[in-house]
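Undergrad: I am attaching a structure below and will ask some questions about it afterwards.
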Amino acid sequence: MELKWLLYVTLLALGTLAVQAHDLDDDNDGDDVVDIEDDLDDGIEEVEESKPETNTPPPTPKVTYRAPVPTGEVYFAESFDKGTLDGWILSRAKKDDTDDEIAKYDGKWEVQDMKDTKLPGDKGLVLVTRAKHHAISSKLSKPFVFDTKPLIVQYEVNFQNGIECGGAYVKLLSKTPELSLDQFHDKTPYTIMFGPDKCGEDYKLHFIFRHKNPKTGKYEEKHAKRPDADLKTYFTDKKTHLYTLVLNPDNSFEILVDQTVVNSGNLLNDMSPPVNPPREIEDPNDQKPEDWDERPKIPDPDAVKPDDWDEDAPAKIADENAVKPEGWLDDEPEYVPDPDAEKPEDWDEDMDGEWEAPQIANPKCETAPGCGTWQRPMIDNPNYKGKWKPPMIDNVNYQGIWKPRKIPNPDFFEDLEPFKMTPFSAVGLELWSMTSDIFFDNFIICTERAVADDWASDGWGLKKAADGAAEPGVVGQMMAAAEERPWLWVVYILTVALPVFLVVLFCCSGKKQPSAAEYKKTDAPQPDVMDEEKEEEKDKGDKEEEEEEEEANEEKLG
């Protein structure tokens, strides 16, 4: 029992200290900052002297970076680790229908290390400026022709400063005689657009391809359905993410982020608008007949208004049972001229008219139930029925909602192989962003999944491993948090002590009878001791009776 109470008091004291430490920490946050800044030099020496000797933590595992090398045939591969923009062409174009001040593609691109990089030597392409048009592109080693092999497009993006409004998507520029990379702009024909885009709270991951109508020769954008996955984290966590598009000859596609599928479908079924138009369309020349009846219900033509139906009865009537409250001031108006108001000195009665004091609430009415002419309150009229209308009945002539007839679609076509898109010969980034320092890295375009996976492992995989090695474990995170908030130490202690307390409480809460050896002279007798004493007293009483009988017999004999 004493142990249980001791534990209880200890935990209570620790809880009180936790609350006080938390309050003290919150109250003194600002003061602590000032004291640290004022006494930094003295504090460093004092801390060094008072710092207890501790074991040196094991060094963080080091991840060595080597530029990735393709392990198979590729159409394009770029890691930027040479530190230059060799092979990339900056656009000198201007946007149409835009003010000259912002029409130029004068946004700045640079090859840089990523901020807070854990892999020295790993460089990437950085969109440096904000609120400008940016356009840069590079030729493929050979044009990609959609035939019997898949298309795999993969690259990395890191929104180092988060993203306010802007995109980080790539365009695969169509192979055309007119393609000039130094004139790359928003209307340059592309075959596929793929990648992340965000503005406001709308987080997107685009997959758009331009499909050529085989009858008209015109191109139309086809958009993949929106993924069901929550994409917000990829835009806000300031980590490098790997974006992959896999497009197969059977028209199926997959979109992956960090090698996890977030969207998939088929070009024939999961694009908007659909690749193939409908076989039939509504006849634009068809017109609804004048006698077509679309009314499912009509007023009953045989219904008659009842004789006692009063359409003139008002909806509200005065309450005849109401009584004027006592103290009502009939002769006092609700509002009176303000007695303290004065006519302005510049008031001109010829121009402004006769001056009148502004009205204020009558002070006499403040203590009375009301002022002015009393009127009975209005209540609902129980006899009110409103304008009579005949009841509605089913329309025997109802023909349903009219629709124009269907006719064969003159523009119908059926493309069962939308995978066979327009070949492309270059990759480009044409972006507007309100956020700077968007980091791009490790572009690859190939046909083999294994090649793309190896490239990802040697690039994005190393970044992920380096970030994981640099992050503290759970214990390290708890220790770091406790250094910032010392009161967390009490929480940790309580977390460990509470289970122990409960175990002791449940194990030791039963009542225990003391053993016979623990009884003292002043203790109450045990049950067996009481029985023995009663037997001794009985034997003693019997013996005394025998002695008295013997003495009586001896007296008689004497």
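Glycine residues also receive a Cβ, built from the backbone N, Cα and C atoms like all the rest.
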Undergrad: Taking Cys199 as one end of a disulfide recorded in TrEMBL, give the other end from among Cys165, Cys365.
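TA: The record-listed partner cysteine is Cys165.
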Undergrad: List, by number or range, the same-chain residues at least 6 past the compositional bias 'Acidic residues' (328-351) whose CB is under 8 A from its CB atoms?
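TA: Hits for the compositional bias 'Acidic residues' (328-351): 357-362, 364-365, 368-374.
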Undergrad: Including all protein chains shown, what's the count of other C-beta atoms within 10 A of the C-beta of Cys165 (disulfide bond)?
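TA: So the number of other Cβ atoms within 10 Å of Cys165 (disulfide bond) is 15.
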Undergrad: Given a separation of at least six residues and a C-beta threshold under 8 Å, show me what packs close to Cys199 (disulfide bond) in the same chain.
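TA: Long-range Cβ contacts: Cys165, Gly166.
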